[in-house]
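Residues or ranges marked as domain 'Glycosyltransferase family 28 N-terminal' in TrEMBL: 6-141. The UDP-N-acetyl-alpha-D-glucosamine binding site annotation in TrEMBL covers SER13, GLY14, GLY15, ASN125, ARG161, SER189, ILE242, ALA261, LEU262, THR263, VAL264, SER265, GLU266, GLN286. Annotation source TrEMBL lists domain 'Glycosyl transferase family 28 C-terminal' at 183-331.
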Amino acid sequence: MSSKKIIIIAGGSGGHVFPAITIANYLIKHGWDVNWIGTKNKIESDIVPKYNIKIHFIHINGLRNANLKTLISSPIHIFKSYFKIKKIINSYLPNIILGMGGYVSGPGGLAAWTSKIPFILHEQNKIPGITNRFLSKISTKNMQAFPGSLPNAEVVGNPIREDIIRIPPPVNRFKNRSGPLRILIIGGSQGASIFNKILPKISFFFKSKVVIWHQSGRNELEKTKKKYQKYGLYQHKIYSFIENMAAAYEWSDMVISRSGALTVSEITTVGIGAIFIPYPHKDQQQLLNAQDLKNNGAARVIEQSEFTIKLIVKILNSLNREKLLIMAEKSFSLGIRNSTKKIFEIIKNISKK
Ligand SMILES: CC(=O)N[C@H]1[C@@H](OP(=O)(O)OP(=O)(O)OC[C@H]2O[C@@H](n3ccc(=O)[nH]c3=O)[C@H](O)[C@@H]2O)O[C@H](CO)[C@@H](O)[C@@H]1O
């Protein structure tokens, strides 16, 4: 019997691409054939080929914060992408198409709909993006990470990479841990400029009492390293991007982070105490992603307008490993660890025979 075929459409940011990779790997392990649709200039073009998954590229831009030129050219790109995807569908003949959000899913969802191929959608955020809000009206089935994001959607959590799920629970990790407090700083898949500017000062205040693992984003590595050199480098590790997030999470006593949907879900999967500084989106999606953790005592949330080194120092002074373990356990209790399997079952049930 030939294997079943799926097209996964995901792109634009790690928050869309990493959960889609997790699903793709699980499907491949279960005998499925996977093709991917994404864009050439975003993170998926680096990540997807590393997993030996065939990726087709379309040319499309996001409209959030778009300039006039992008806005004007956008209908043409959507139109062209739609026809390119129709061609891919007609030659590959998938049993199902899965959209994981991001503007790249827009023309793919439309193409699936007009081709009468089952099309299912997954929303990773508490507040859905424009593309998913639109596609949820024409999709065969909607899935969501958090309750209440999309109407009539099943709550399945966010698919988390296997190596992150396998990290031992907080109490085992904290056992026999001593030495400087280990702080992991993550700014989402692209890094956060304001973190690079403010957080190296932690080094000046706490000297060798802390050790920091800092992700700066692609464009600010040298600048961030210089800051640490200025304030004291100690044993800190500074990278543009952390390839092995499982190792970083397992190593850390606490996280200072943006609250993108995937980072928040990963943190609750592992169980780590956190300070979140949500990206100040107009729709406050990152603030809402972090809300449950804050309400359950698993995290502190600082709005960007109040984010100063003084406040960070104050919070860090109030924390120690014992308190962080309590926060970590609260965080762990919020994790959904079987999301991938749930989504796999839905794909199996809905795909064309
Ligand atoms: C600025 C912006 O628009 N952010 C959005 C973007 O987040 P963005 O993709 O920036 O952030 P997320 O937290 O959702 O995902 C980041 C992913 O990248 C991984 N990672 C990160 C850093 C690193 O060094 N290595 C690494 O592997 C994380 O483990 C995680 O899997 O899409 C998310 C999902 O729709 C939204 O919630 C965010 O609001």
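Each residue, glycine too, has its Cβ placed from N, Cα and C.
Sequence features, as recorded in TrEMBL, placed on the structure.
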residue : record                                        : DSSP (3 states)
SER13   : UDP-N-acetyl-alpha-D-glucosamine binding site : coil
ARG161  : UDP-N-acetyl-alpha-D-glucosamine binding site : coil
ILE242  : UDP-N-acetyl-alpha-D-glucosamine binding site : coil
LEU262  : UDP-N-acetyl-alpha-D-glucosamine binding site : helix
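With a cut-off of 6 Å between Cβ and the nearest atom of ligand 1, the binding-site residues ARG161, ILE242, LEU262, VAL264 reduce to ILE242, LEU262. Once Cβ contacts within 10 Å are tallied over all protein chains shown, the binding-site residues ILE242, LEU262, VAL264 are led by VAL264.
Of the listed binding-site residues, namely SER13, GLY15, the sparsest Cβ surroundings within 10 Å are found at SER13.
Looking only at the domain 'Glycosyltransferase family 28 N-terminal' (6-141), the predicted model's pLDDT averages out at 91. Pairwise Cα distances among SER13, GLY14, GLY15, ASN125, ARG161, SER189, ILE242, ALA261, LEU262, THR263, VAL264, SER265, GLU266, GLN286, the recorded UDP-N-acetyl-alpha-D-glucosamine-binding residues, top out at 22 Å. For ARG161 (UDP-N-acetyl-alpha-D-glucosamine binding site), the same-chain residues lying six or more positions away in sequence with a CB closer than 8 A to its CB are PHE18, ILE21, THR22, MET245, ALA246, GLU266.
There are 26 other Cβ atoms within 10 Å of the Cβ belonging to GLU266 (UDP-N-acetyl-alpha-D-glucosamine binding site).
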